[in-house]
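Participant: Take a look at what TrEMBL says about it:
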type     : residues : note
TRANSMEM : 13-33    : transmembrane segment
TRANSMEM : 137-164  : transmembrane segment
TRANSMEM : 185-212  : transmembrane segment
TRANSMEM : 327-348  : transmembrane segment
TRANSMEM : 368-386  : transmembrane segment
TRANSMEM : 406-429  : transmembrane segment
TRANSMEM : 450-475  : transmembrane segment
TRANSMEM : 481-502  : transmembrane segment
TRANSMEM : 546-568  : transmembrane segment
TRANSMEM : 574-592  : transmembrane segment
TRANSMEM : 645-665  : transmembrane segment
TRANSMEM : 742-766  : transmembrane segment
Amino acid sequence: MGTTILPDLGTEILIPVCAVIGIGFALVQWVIVSKVTVSTDGKSSSSGAGADGKNGYAESLIEEEEGINDHSVVRKCAEIQNAIAEGATSFLFTEYQYVGVFMVAFALLIFLFLGSVEGFSTKSQECTYDSSKMCKPALATAVFSTISFLLGAITSVISGFLGMKIATYANARTTLEARKGVGKAFIVAFRSGAVMGFLLAANGLLVLYIAINVFKLYYGDDWEGLFEAITGYGLGGSSMALFGRVGGGIYTKAADVGADLVGKVERNIPEDDPRNPAVIADNVGDNVGDIAGMGSDLFGSYAESSCAALVVASISSFGVNHEFTAMLYPLLISSVGILVCLLTTLFATDFFEVKAVKEIEPALKKQLVISTVLMTIGIALVSWIALPSTFTIFNFGIQKEVQSWQLFLCVGVGLWAGLIIGFVTEYYTSNAYSPVQDVADSCRTGAATNIIFGLALGYKSVIIPIFAIAISIFVSFSFAAMYGIAVAALGMLSTIATGLAIDAYGPISDNAGGIAEMAGMSHRIRERTDALDAAGNTTAAIGKGFAIGSAALVSLALFGAFVSRAGISTVDVLTPKVFIGLLVGAMLPYWFSAMTMKSVGSAALKMVEEVRRQFNTIPGLMEGTAKPDYANCVKISTDASIKEMIPPGALVMLTPLIVGILFGVETLSGVLAGSLVSGVQIAISASNTGGAWDNAKKYIEAGTSEHAKTLGPKGSDPHKAAVIGDTVGDPLKDTSGPSLNILIKLMAVESLVFAPFFATHGGLLFKMF
């Protein structure tokens with residue numbers, strides 16, 4: 001099989017060193033952002049990134065012009081920032097209390113189900129894939145799977161919480177920097193996004209690497225058992241992400257829909273107007289949904305694609321021959337990804353500078369392109385030094401011979417498919433291109449035509465991403481079977497630090513705009529933050545595209561690992577057992593979407609009633625002489641989201657267990673295939689429809705082109721039609737759409753973790769008849 005150029009010791013040093021560099025870089029960015037002070041003592045605001053007038057103009061002129069020395073504005077910004085941070089922290093603590101109870105209960109379930117496979121025996125058993133060898137007992141798998149589940153869950157929760165803390169720390173700082181120009185504000189928002197991206201990528205890698213090495217002390221040469229137990233890490237990460245995404249999504253959209261419908265449509269006041277009672281809840285929602293939820297979601301994808309690749313590798317020549325460096329190839333890709341993203345980030349923060357509004361979106365797009373090109377070189381290097389020239393990969397019972405260059409192509413095809421999905425998403429959701437402009441134009445004749453055009457755009461936007469996913473699946477499977485698909489998913493996620501930085505930038509800019517409006521800052525500053533926010537909307541849609549594309553590849557790889565582990569030789573669609581599973585699986589994303597949409601609708605209903613009540617009963621609220629009761633709206637969103645996140649979560653978590661136990665592994669394989677196929681389509685169309693409606697509204701509000709001016713200004717009939725479209729799209733793009741990718745991944749990884757139990761004790765109903 002040949003040896004690798006990189007020795008095992010090199011691997012043992014390289015992976016933790018890259019992770020530590022990632023964490024170090026995140027802390028450096030944090031320190032630079034913290035130099036912008038949100039207090040009224042001394043100079044109100046100074047930026048480490050350019051207090052020397054680096055943006056090509058004299059600072060003193062700007063200070064006079066935008067009132068940089070106005071302490072009351074800084075004080076207001078600090079107050080609003082604190083209110084948002086408190087709301088976000090208290091919501092996440094409440095959510096984590098409920099999720100913590102579930103986490104402990106589910107951990108017990110994993111232990112009981114997997115322990116009972118061999119009747120809680122402590123004797124060694126025959127290995128699943130090589131009966132001539134003895135492996136560690138099933139009880140060990142139960143114990144270590146439970147530990148890795150808890151590790152994944154805790155890492156996921158920490159990832160989301162840290163992201164939220166960073167975002168609420170950076171929002172007011174971005175607002176204050178916007179007084180000095182759009183370039184300064186962009187850099188603060190982007191650096192803050194980078195803090196989250198690098199912390200999450202590095203933490204996920206480091207915890208997984210440490211877990212593998214600690215588990216190895218017990219498992220020794222039984223790598224098959226070791227990496228089967230590690231799959232719990234992915235399950236823990238994704239189960240927390242599900243509750244984070246659904247709970248956060250319901251929270252943010254209930255507040256957003258309530259604030260928009262009463263504020264903009266009925267009362268004709270601007271977005272984020274301080275008179276609107278739901279405005280703080282809306283800004284809190286950006287942090288708990290788009291930041292904390294998304295952080296947990298992408299961490300889950302990363303953990304699962306790593307676990308899927310490791311499970312398949314452990315029963316291939318890497319695992320059988322105990323080739324440590326080749327075995328950890330997935331982790332080495334992620335390690336190099338951190339270094340590549342670090343270099344890419346410097347292009348946005350240090351090498352090139354954004355000086356004008358029109359440069360914002362290209363700067364973010366360049367991040368994607370640069371990281372993809374550099375990562376292609378990185379993957380080639382890792383494949384050359386960390387893989388033997390030829391090796392075998394497990395392919396449904398037989399060993400398939402693969403060469404190292406073929407594996408490089410598998411990762412590369414996933415990486416570039418991610419870029420294509422990103423660009424297609426941008427084309428369909430950015431107001432710089434004709435699809436969104438057509439949707440905006442359709443607002444001339446009212447909300448109905450806007451909704452028809454928006455839905456059509458979403459359905460159409462599915463075509464190219466699906467072809468990109470299909471081609472990458474075909475290429476990677478042809479070269480390296482299921483392992484190829486798992487590493488293609490890792491390729492798509494290898495630049496996760498940059499992807500997250502771009503994604504987190506959006507909600508931070510959105511919050512910055514809200515703070516500028518609430519603090520009563522000048523119209524010019526609001527224009528700058530709006531420009532940052534519009535670019536952020538598109539990048540958020542690109543981030544969702546990446547998450548959905550990688551989820552499709554990840555769940556297919558997990559599906560392959562599940563089929564192998566459950567001992568199914570072929571999944572025959574023509575057998576009734578499989579076909580009924582296929583039908584039910586394809587229905588699940590619709591059922592799940594219905595639950596989440598209705599949850600947002602009922603929570604928004606309460607919010608609308610509360611906002612109307614305050615406008616009608618608080619004297620002087622519309623005149624701005626009285627303050628609204630923000631806390632009540634925050635409470636409505638919190639209560640609704642905590643209560644409403646449980647049924648959709650239960651649907652996803654219980655379906656594999658019920659199907660596996662009652663109907664067996666064949667029907668479950670049908671359910672997984674069905675949910676994957678329909679879930680990906682709905683997720684892409686929902687995210688892009690919502691993103692397009694949002695940016696069509698922003699296109700009319702900005703009024704930068706002649707066409708947009710004919711549709712505006714704010715408050716015109718076309719604008720009101722656009723607001724209604726945006727409101728309908730809110731739960732699609734921020735609740736149902738992004739949560740669906742977790743549904744398809746989570747059901748697959750859960751089935752894989754419980755596969756030994758289902759294979760031994762499953763299919764009770766069919767056994768009776």
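Every residue, even glycine, has its Cβ placed from backbone N, Cα and C.
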Participant: Considering only Cβ pairs within less than 8 angstroms, which of the stretches 185-212, 327-348, 546-568 has the most against the transmembrane segment (137-164)?
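Facilitator: Looking only at 185-212, 327-348, 546-568, the most contacts with the transmembrane segment (137-164) come from 185-212.
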Participant: Do any residues of this chain, six or more beyond the ends of the transmembrane segment (368-386), have a C-beta under 8 angstroms from a C-beta of it, and if so which?
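Facilitator: Distal contacts: 4-6, 11, 325-326, 328-329, 332-333, 336-337, 339-341, 343-344, 347, 404-405, 407-408, 411-412, 415-416, 418-419, 422-423, 491, 494-495, 498-499, 502, 542.
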Participant: Test the contact criterion for the transmembrane segment (574-592) and the transmembrane segment (742-766): 3 or more CB pairs under 8 Å, pairs 6 or more apart in sequence, then answer yes or no.
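Facilitator: Result for the transmembrane segment (574-592) with the transmembrane segment (742-766) is yes.
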Participant: Residues of the same chain, at least six outside the transmembrane segment (645-665), with any C-beta under 8 angstroms of its C-beta?
Facilitator: 95, 98, 102, 106, 239, 242-243, 246-247, 250, 562, 566-568, 577, 581, 584, 588, 591-592, 595-596, 599, 671-672, 739, 742-743, 746-747, 750-751, 754-755, 757-759, 761-766
Participant: Report, as numbers and ranges, every residue of the chain located at least six residues beyond the transmembrane segment (450-475) whose Cβ falls under 8 Å of a Cβ in that stretch; write 'none' if there are none.
Facilitator: 409-410, 413-414, 417, 420-421, 424-425, 428, 435-436, 438-439, 442-443, 484-485, 488, 545, 548-549, 552-553, 556, 680-681, 684-686, 688-690, 692-693, 696, 721-722, 724-725, 728-729, 732
Participant: Are the transmembrane segment (327-348) and the transmembrane segment (13-33) close, by which I mean at least 3 Cβ pairs under 8 Å that are 6+ residues apart in sequence?
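Facilitator: Answer yes, regions in contact.
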Participant: Which sequence positions outside the transmembrane segment (546-568), separated from its termini by at least 6 residues, show Cβ-Cβ distances below 8 Å to it?
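Facilitator: Here the qualifying positions are 128, 228, 231, 234, 294, 297-298, 301, 304-305, 307-309, 311-312, 315, 394, 396-397, 414, 417-418, 421-422, 465, 468-469, 472-473, 481-483, 485-486, 488-489, 492-493, 499, 665-666, 668-669, 672-673, 676, 680, 683-684, 687, 737-738, 740-742, 744-745, 747-749, 751-752, 755-756, 758-759.
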Participant: So if I exclude everything within five residues of the ends of the transmembrane segment (185-212), which remaining residues of that chain have a CB under 8 angstroms from its CBs? That is, six or more out.
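Facilitator: 15-16, 18-23, 25-27, 29-30, 32-33, 36, 47, 49-50, 147-148, 151, 155, 158-159, 162-163, 166-167, 169-170, 173-175, 177-178, 226, 230, 233, 237, 291, 295, 298-299, 302-303, 306, 310, 328, 331, 334-335, 337-338, 341-342, 345, 348-349, 353-354, 360, 363, 496-505, 508-509, 512, 528-529, 532, 536.
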Participant: By a Cβ-Cβ criterion of under 8 Å, what residues six or more beyond either terminus of the transmembrane segment (13-33) are in contact with it?
Facilitator: 6, 48-49, 166, 169-170, 173, 188, 191-192, 194-199, 201-203, 205-206, 209, 328, 331-332, 335-336, 338-339, 342, 345, 349, 497
